[in-house]
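First the structure, in the form of structure tokens, and then the observations on it.
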Amino acid sequence: MKPPILIIIMSTIISGTIMVLMSTHWLMTWIGFEMNMLAVIPILMKNFTPRSMEAATKYFLTQATASMILMLGITTNLLLTGQWTMLNNQNQIASSMMTIALAMKLGLSPFHFWVPEVAQGVPLSSGMILLTWQKIAPLSVLYQISPSINPNLLAMMAIMSILVGGWGGLNQTQLRKILAYSSIAHMGWMTAVTAYNPDLTSLNLMMYIMMTLSTFMLFMYSSSTTASSLSHTWNKFPLITSLTLTLMMSLGGLPPLSGFIPKWMIIQELTKNDMIIMPTLMAMMALLSLFFYMRLTYATALTLFPTTNNMKMKWQFESTKKMILLSPTIVISTMMLPLTPMMSILN
């Protein structure tokens with residue numbers, strides 16, 4: 001893609017998301033979503049292969065359906081309350097429609113089927129935008145309408161998403177599909193707490209974006225798309241192999257790493273609201289996700305080939321890609337646990 005075209009498309013994506021973030025008027029929010037969706041499709045089709053075109057078509061159809069349901073919810077709310085503003089208490093029917101539309105945009109279960117397919121069909125850089133930036137706008141709207149959301153509907157979708165995100169990733173060898181199922185599970189954790197403390201949702205989103213960005217950048221640096229190609233990196237990039245191990249553990253939410261912070265605070269918040277069964281189920285289902293991260297880690301960093309490579313000529317080329325933000329994002333993704341008290345004060 002030519003640089004001027006790329007700049008125009010990326011600025012449209014960014015301005016669409018910013019419009020959604022800043023707007024308190026439902027029509028402007030909807031227009032922001034549409035700008036964002038239509039500008040992302042050329043980014044998904046960057047390679048212009050049948051696979052990426054199929055992925056972009058699936059993405060368009062799902063997002064267009066979600067936009068239609070969102071507009072139905074907005075017009076229902078307008079008919080019943082006579083207001084376009086987002087901050088008034090919506091009618092329960094309109095609120096449920098909007099929640100379902102935003103769940104489709106986020107890829108929450110049972111509307112999750114498009115996420116692995118689209119992520120697998122597009123290049124790594126497009127997948128990175130799809131699984132990080134594209135989550136900001138729907139979650140910001142969910143944050144704003146959180147007082148009027150039906151908590152039972154949200155809890156059901158959250159539990160199903162964590163289960164699907166853990167179960168679906170178990171049998172995968174494709175890294176993009178693994179990260180897509182990881183995204184579904186993380187979205188489940190975020191929406192579980194939205195009705196009780198939306199600030200924790202935004203904290204979890206920030207941590208998730210940092211961890212996913214770091215993981216995608218490592219995969220792009222070593223040009224790995226499958227578990228087997230990632231297992232070859234120890235010979236050429238031993239440091240990247242060990243960093244992948246640490247990031248996978250952080251995505252799984254193991255205690256010494258940053259990924260543990262949002263899980264810990266969400267479980268704490270839910271137990272404060274006299275919910276015992278739901279956080280217990282969520283913690284148990286998070287073990288499924290942790291298992292496939294562990295399996296990927298084992299295949300990548302904890303196994304060596306029977307023979308070492310003593311050849312003078314390396315069969316893998318030197319990487320010429322520049323990943324400027326890799327170091328700070330990895331530090332944030334792994335070493336933020338001591339700052340938890342500060343984050344809890346902010347919330």
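Numbers here mean position along the shown chain, with the first residue as 1.
Using N, Cα and C of the backbone, Cβ positions are placed for all residues, glycine too.
What TrEMBL records for 23-287 is domain 'NADH:quinone oxidoreductase/Mrp antiporter transmembrane'. The annotation domain 'NADH dehydrogenase subunit 2 C-terminal' is assigned in TrEMBL to 290-343. Marked as transmembrane segment by TrEMBL: 5-22, 60-80, 92-115, 152-171, 178-196, 202-221, 242-261, 281-305, 325-346.
Computed over the domain 'NADH dehydrogenase subunit 2 C-terminal' (290-343), the whole-number mean pLDDT of the model equals 78. At the 8 Å Cβ cutoff, the transmembrane segment (281-305) and the transmembrane segment (202-221) share fewer than 3 close pairs (sequence separation 6 or more) and do not count as touching.
Of the candidate ranges 5-22, 92-115, 178-196, 202-221, 325-346, 178-196 has the most C-beta pairs within less than 8 angstroms of the transmembrane segment (152-171). Between the transmembrane segment (92-115) and the stretches 5-22, 178-196, 242-261, Cβ pairs under 8 Å are most numerous for 178-196.
Contact between the transmembrane segment (202-221) and the transmembrane segment (5-22) is not supported, since fewer than 3 Cβ pairs fall under 8 Å when only residues 6 or more apart in sequence are counted.
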